[in-house]
Amino acid sequence: VDFETYCKPTYDSGPCKGYFPRWWFNVKTGQCEEFIYGGCQGNKNNHVTRKECETRCLRKQLSRLHFSPPVDQYPYGDTERSNEEVPEYPPVHLNDSLEVSAVMNQRPLRNYTKQHKPNVTSDFSAISLTSGVDFETYCKPTHDRGPCKAYIPRWWFNVKTGQCEQFIYGGCQGNKNNYETKSICETNCLRRQLSELGVSADVHYRKHWNETKYSPNVTVEYPAVHFNVTLNPVCNEPKYPELCKGYFPRYYYNSRSKTCKKFIYGGCQSNGNNFLTLEECENTCLVDLQV
C-alpha cells in the first residue's frame, strides 16, 4: 500500500456521528491504535481491524539510536598541531544495534536486530531474529511431557526444524519450552539466522557537519533499506512438477529470484509451494524489512 496515504495521516473521525471502532497507524509511536470513526469521509488511515492496520503499516521508528561522535583531536588554539593534516570527515561509530520490525502472514514478528560492525560506517555484520525471552531456557530444550498423566495439548519450539510443534503435556513439571498456543510459541521463539541475507546491504550513512570545521557535533541520517527474507520452509521448495493434466493457474515462490511467479498446477499432489493468488504467495514467503 501507499504508506503516505494509508498510514501517515493522523486519524480522522469525519463529520458524521456514527460509532464505528476502527484502527489507525500512529507514525509517532509506531503502533496501530483504536479510534472512533463517524461513518463518512475521513482519510485512508482507517482500518477495520488491528490486524489489517499492522499488515499494511507496521514499521518501527528508529528514533532512539545513540551515536558516539568522533573526538575532536585538533582543538582550536593548539598551535603545535596547526599544520597537521586533519581529516575533514572523521568516521561516525554506532554504539547501539538497529532494530526493525517485520510482518509475515499478516502478523508482526519479533524484532530483527542488526548488529553494526565495529568502526565501520557502511554495513552490518549480522542479522538475527530475537525475542524478549531467554531463548536457551524457553525455546531450546526438547519438549518434556513431565511425570504426570494428564492429556493437555501444548506447543514447543523445535530448534532443528525452526517450527513450533504440538505435543502432549502431562500437567506437571516439564520445562519452559511449553506453550498453550502455537501463536505464543511463535511469538517467543520463532527465529531464523539470516546469514544468507547479504548483510552488507546498501546502508550508507550521510554525515552532516555544522559550520565550525572539525566540530564533533554530528547527526546521521539513515535512508530506508528493504530486505526480502524467506522464513517459511515451503517457500524453499521447488515448483512442483505437473504430474496431472488439470489446468489451474497458481503462484509459487522462486527462491533464486526471490519473487513469486505464475505456473500451471496439474491438480494433484503438492509440496506446499502452491498459492491461489500472488498476494497469498507474497504474504507467506516475503518479509519486507524497513530500516
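Positions of Cβ are set from backbone N, Cα and C atoms, glycine also.
Pulled from Swiss-Prot:
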- Cys7-Cys57: disulfide bond (DISULFID)
- 7-57: domain 'BPTI/Kunitz inhibitor 1' (DOMAIN)
- Cys16-Cys40: disulfide bond (DISULFID)
- Cys32-Cys53: disulfide bond (DISULFID)
- Asn95: N-linked glycosylation site (CARBOHYD)
- Asn111: N-linked glycosylation site (CARBOHYD)
- Asn119: N-linked glycosylation site (CARBOHYD)
- Cys139-Cys189: disulfide bond (DISULFID)
- 139-189: domain 'BPTI/Kunitz inhibitor 2' (DOMAIN)
- Cys148-Cys172: disulfide bond (DISULFID)
- Cys164-Cys185: disulfide bond (DISULFID)
- Asn210: N-linked glycosylation site (CARBOHYD)
- Asn217: N-linked glycosylation site (CARBOHYD)
- Asn228: N-linked glycosylation site (CARBOHYD)
- Cys235-Cys285: disulfide bond (DISULFID)
- 235-285: domain 'BPTI/Kunitz inhibitor 3' (DOMAIN)
- Cys244-Cys268: disulfide bond (DISULFID)
- Cys260-Cys281: disulfide bond (DISULFID)
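For Cys164 (disulfide bond), the nearest neighbour among the listed disulfide-bonded residues (Cys40, Cys53, Cys189), judged by C-alpha distance, is Cys189. Residue counts for the domain 'BPTI/Kunitz inhibitor 3' (235-285) under DSSP, split into helix (H, G, I), strand (E, B) and coil, are 10 helix, 15 strand, 26 coil. For the domain 'BPTI/Kunitz inhibitor 1' (7-57), the model gives a mean pLDDT of 85. Under a cutoff of 8 A between CB atoms, and with a sequence separation of 6+ in the same chain, the neighbours of Cys235 (disulfide bond) are Tyr253, Ser255, Asn273, Thr284, Cys285. Here the Cα atom of Cys185 (disulfide bond) is found 29 Å from that of Cys7 (disulfide bond). In sequence order, Leu243, Cys244, Gly246 make up the list of same-chain residues 6 or more apart from Cys268 (disulfide bond) whose Cβ falls under 8 Å from its Cβ.
Counting only same-chain residues six or more apart in sequence, the Cβ atoms lying under 8 angstroms from the Cβ of Cys40 (disulfide bond) belong to Gly14, Pro15, Cys16, Gly18. DSSP places the residues of the domain 'BPTI/Kunitz inhibitor 2' (139-189) in helix, strand and coil in these numbers: 8 helix, 15 strand, 28 coil.
Around the Cβ of Cys57 (disulfide bond), 23 further Cβ atoms fall within 10 Å across all displayed protein chains. The CA atom of Cys53 (disulfide bond) is located 8 Å away from the CA atom of Cys7 (disulfide bond). Most Cβ neighbours within 10 Å among the disulfide-bonded residues Cys148, Cys244, Cys285: this distinction goes to Cys285. Counting only same-chain residues at least 6 apart in sequence, those with a Cβ under 8 Å from the Cβ of Cys281 (disulfide bond) are Tyr251, Tyr252, Tyr253, Cys260, Phe275. Cα separation, Cys57 (disulfide bond) to Cys32 (disulfide bond), rounded: 8 Å.
In this structure, Cys172 is the one among the disulfide-bonded residues Cys7, Cys164, Cys172, Cys260 with the smallest number of other Cβ atoms inside 10 Å of its Cβ.
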